[in-house]
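Chemist: Take this structure first; my questions come after.
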Amino acid sequence: KVAIKGIERELICPACKELFTHPLILPCQHNVCHKCVKEILFAFEDSFADGGSESSNQSSPRIRISASSMDRIDRISRSGIKRNSLTPRSTLFPCPGCQRDIDLGERGINGLFRNFTLETIVERYRQAARAAIAIMCDFCKPPPQESTKSCMDCSASYCNECFKIHHPWGTLKAQHEYVGPTTNFRPKILMCPEHEMERVNMYCEICRRPVCHLCKLGGCHANHRVTTMSTAYKTLKEKLSKDIEYLISKESQVKAHITQLDLLLKETECNSERAKQEASQSFEKLYHVLEEKKSAALRAIETSKNIRLEKLQTQVEEYQGLLENNGLVGYAQEVLKETDPSCFVQTAKQLHVRIQKATESLKTFRPAAETTFEDFVVDTAKQEDILGDLSFHSTGLEIPEINEEQSRMYNKALISWECPGKTDSADIYVLEYHKLNRDEEKVTWQKIEVCGKSKIVSDLDDDSSYAFRVRGYKGSICSPWSREVTLCTPPAPVFSFLFDDKCGYNNEHLQLNPRRTSVESRAGFPLLLGSERLQVGCYTTLDYIIGDTGIAKGKHFWAFRVEAYSYLVKVGVVPSNKIQKLFHSTHDVTSPRYEQDSGHDSGSEDAFFDSSQPCTLVTLGMKKLFIPTTPAAPKDPASRILPLPSCLGICLDCDRGRVGFYDAGCMKCLYECEVDCSGIMYPAFALMGGAAVHLEEAVMAKYREYNDSI
C-alpha cells in the first residue's frame with residue numbers, strides 16, 4: 001500500500017502550485033484546478049482584447065502563470081489571429097503542464113471533465129494531513145457538533161442527531177448513501193459535459209475520453225473508434241496494474257538509480273564550486289591587470305600635472321617681477337639710481353636683455369603649459385566590446401554559419417543560419433546586426449534572441465549596408481560569433497504589385513500563375529504563325545504585360561527573376577498615356593539592323609529605334625543583360641553586354657525623372673537613364689520565345705513563427 005505522504009508531487013496544480021481543487025482534465029491529459037483554468041482563460045482573452053499581457057494576471061494573487069505561458073499568450077495575441085465568424089469558435093488554452101497551447105473546442109471550459117478520482121485522492125491526502133481536525137456538522141445550532149457521517153446525495157455532513165432529523169425512516173432521504181465524514185462530494189453518475197442530461201457510457205479511443213451515445217451518433221466522435229465503458233475500465237485497469245507491478249518489481253533498480261543520482265548531485269556541487277573558483281581567479285586576474293593600468297594612468301596624470309603646475313608657477317613669478325617696485329622692475333629701478341657710468345654699464349647690459357625678453361613676452365603672451373589633459377583620455381571602446389562578449393566558451397558548441405543563399409534583403413531582411421554538423425546543439429541563438437557607417441567611431445550592435453534558425457529583421461534604412469552575425473547559447477555557454485555577412489538594402493522603399501491580367505494581356509502567348517506573380521511565354525505554334533515575315537524582315541512581335549498598380553510620385557524599387565533559359569525579355573517602365581501605343585505598336589521588336597535588306601551593320605538604326613519606343617526598356621536574354629545604345633554608353637559592343645544577375649531590380653525616381661536597373665543581389669546599379677514621368681508610371685515587361693519572369697515576393701513573417709508550438 002502506497003503511503004499518502006509520498007505522492008504530494010502528483011497532487012499539486014501546475015498553475016497555482018497548491019493542492020488540486022476541483023481538477024479538470026485537459027485534452028493533453030494534464031490536470032488543472034477549475035479556478036486556475038478560468039483565471040488563465042481570462043488572462044488569455046484579456047491579452048487579445050488589450051493587445052498585451054501587462055494586466056493579465058494582476059487581479060489574481062493565487063495564480064502563478066509561468067513566463068513561458070505568458071510569452072505564448074503575447075506571441076499569439078501579436079500574431080493577429082482572427083477568427084472567422086462563419087467558422088466555429090475555438091478556445092486556445094496555454095497548458096501550464098506541457099507548455100503547449102491546447103484547443104478546448106467550441107464549448108471551452110464547459111467541455112472538460114472533472115477528475116473525480118484525483119479529487120478523492122486529494123481528499124484522502126488532506127484527511128491524513130489534518131487527522132486531528134474534525135469535520136463539523138453543517139446543521140447544528142452554534143456551537144456545532146463534530147460530524148459522524150456525510151450524505152453523498154445531500155453533499156452535507158451531519159452529527160447523529162441531525163442525521164436522524166433530516167433522514168427520517170420511511171422517507172426517500174432514508175435511502176441516501178452516506179459515508180464517513182468528508183468534504184469531497186462526488187456525483188454518483190458521470191454526466192456528459194456536452195449533453196448534460198446524458199450519462200457517459202462509452203470511451204473514445206481516439207480522443208481518450210468518456211463519451212455518451214449522442215456524442216457517438218451525431219457529435220464530434222461520430223467517426224471515432226469507441227468501446228464500452230466496462231471494457232475500457234477493464235483494459236485500462238489491467239494495463240495500469242501491470243505497469244505498477246513492473247515498477248514495484250524494479251524497486252532495487254530504482255534505488256540504485258537514486259543512489260547514482262545522489263552521487264551525481266554531490267559531484268555537481270563539487271564541480272560547480274571548482275568552476276566558481278576558476279571563474280573568480282580569471283576575473284581576479286582581470287581586476288589585477290585593470291588595477292595596474294589604472295595606477296599607471298593615474299601616476300602619469302599626476303606627474304604631468306606637477307610638471308605643468310611648476311611651469312605655470314614659475315611663469316607667474318616672472319610676471320610678478322614685472323610689477324613696479326617688485327622683482328625685475330624693482331631691481332632695474334634701483335640700477336637706474338647708479339651714477340657711476342662704468343658700474344652702470346657693467347650691470348645694465350645684462351639687465352637690459354632681461355627687460356627686452358619680458359617686453360616681448362608681454363606682446364606675445366602664451367601660457368607655459370596646457371591646462372587640458374586630452375592626451376590622457378583612455379579609449380576603452382574595444383575593451384568594452386570584448387568584455388561584453390565575455391562568456392563561457394565551449395569547443396563542443398558548434399559555430400553557426402549564416403546561409404547567404406537562403407538569406408535575402410528586400411522589404412525586410414530574412415537571415416537564415418545553420419550549424420556545420422547539421423545538429424541543433426544550441427538552445428537559443430543571438431542575432432546581432434548594425435548599420436555600416438564610416439562616420440561612426442563606435443559600433444553599436446542591435447541584439448535579437450531567436451529560438452529557431454531564421455529571423456526576419458524589420459525597420460532597416462533604405463540604401464544602406466548592414467552587417468549580421470550570430471552565435472549559439474546553451475545555458476550560460478555560448479559559441480564564438482559566426483563570420484559577419486554584409487547585406488545591402490534596396491535604394492528605395494519596395495513597391496508591391498501583381499501582373500495585370502486585363503490590360504493588353506495576351507493569354508494565347510502568355511500564361512500567368514494563379515497568384516499573378518509569374519508570367520511565362522511559350523514558344524509554340526502561335527509564335528511560328530507570327531514569324532512568317534522572317535523572309536522579308538526580322539520583326540517578331542513581343543508580348544507585353546504590365547503591373548496592376550501605378551506610381552505617381554516618389555521613389556520606388558521592385559525586383560524580379562528571369563529564368564536562365566529565357567530567349568528574349570525586356571523590362572522597364574511605361575507611362576499611362578503610352579500604354580495603348582505599347583500594345584498596338586507594329587514595330588516594337590528587335591533592331592532592324594539585322595534585316596536582310598539593310599545591307600550594313602552601322603547601328604544607326606538603333607538610335608532611331610530606341611528613341612521611337614513608347615517606354616523605357618532594357619533587354620535581357622540568353623543569360624545576358626544588354627546596356628541600351630546611348631551617346632554616353634561605351635562604343636565597344638562587348639562592353640555593353642553584362643552577365644544576367646540572378647535577381648534584377650528596377651528603381652524609379654519620379655521626382656528626379658530617373659530609372660535605374662540594379663543587381664538586386666548586391667544592390668549595385670548597372671544602368672541608369674532619364675525617363676519622362678509626366679504620367680502615372682507602370683512596371684512593364686515584354687517576352688518573346690521561351691521565357692519566364694517571376695516577381696520577387698516580399699519577406700513576410702510566416703504563421704509558424706508565432707504558432708510553432710500549437
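Residue numbers in this text run from 1 along the chain shown.
Note: Cβ is positioned from N, Cα and C throughout, glycine not excepted.
Automatic prediction, not curation, is the source of TrEMBL annotations.
Under the heading domain 'B box-type', TrEMBL lists 187-229. The annotation coiled coil is assigned in TrEMBL to 258-285. The domain 'COS' feature in TrEMBL is assigned to 336-393. The domain 'Fibronectin type-III' feature in TrEMBL is assigned to 399-492. The domain 'B30.2/SPRY' feature in TrEMBL is assigned to 477-704.
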Chemist: Restricting to the same chain and to residues at least six past its boundaries, which positions have a Cβ under 8 Å from a Cβ of the domain 'B box-type' (187-229)?
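Modeler: Sequence-remote neighbours of the domain 'B box-type' (187-229) are 25, 27, 29, 105, 107, 110-113, 116, 152-153, 177, 235.
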Chemist: If I take every residue in the domain 'B box-type' (187-229) and average their pLDDT values, what number comes out?
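Modeler: Over the domain 'B box-type' (187-229), the predicted model scores a mean pLDDT of 82.
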Chemist: Please count the residues of the domain 'COS' (336-393) that DSSP assigns to helix (H, G, I), strand (E, B) and coil.
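Modeler: Secondary-structure breakdown of the domain 'COS' (336-393): 34 helix, 2 strand, 22 coil.
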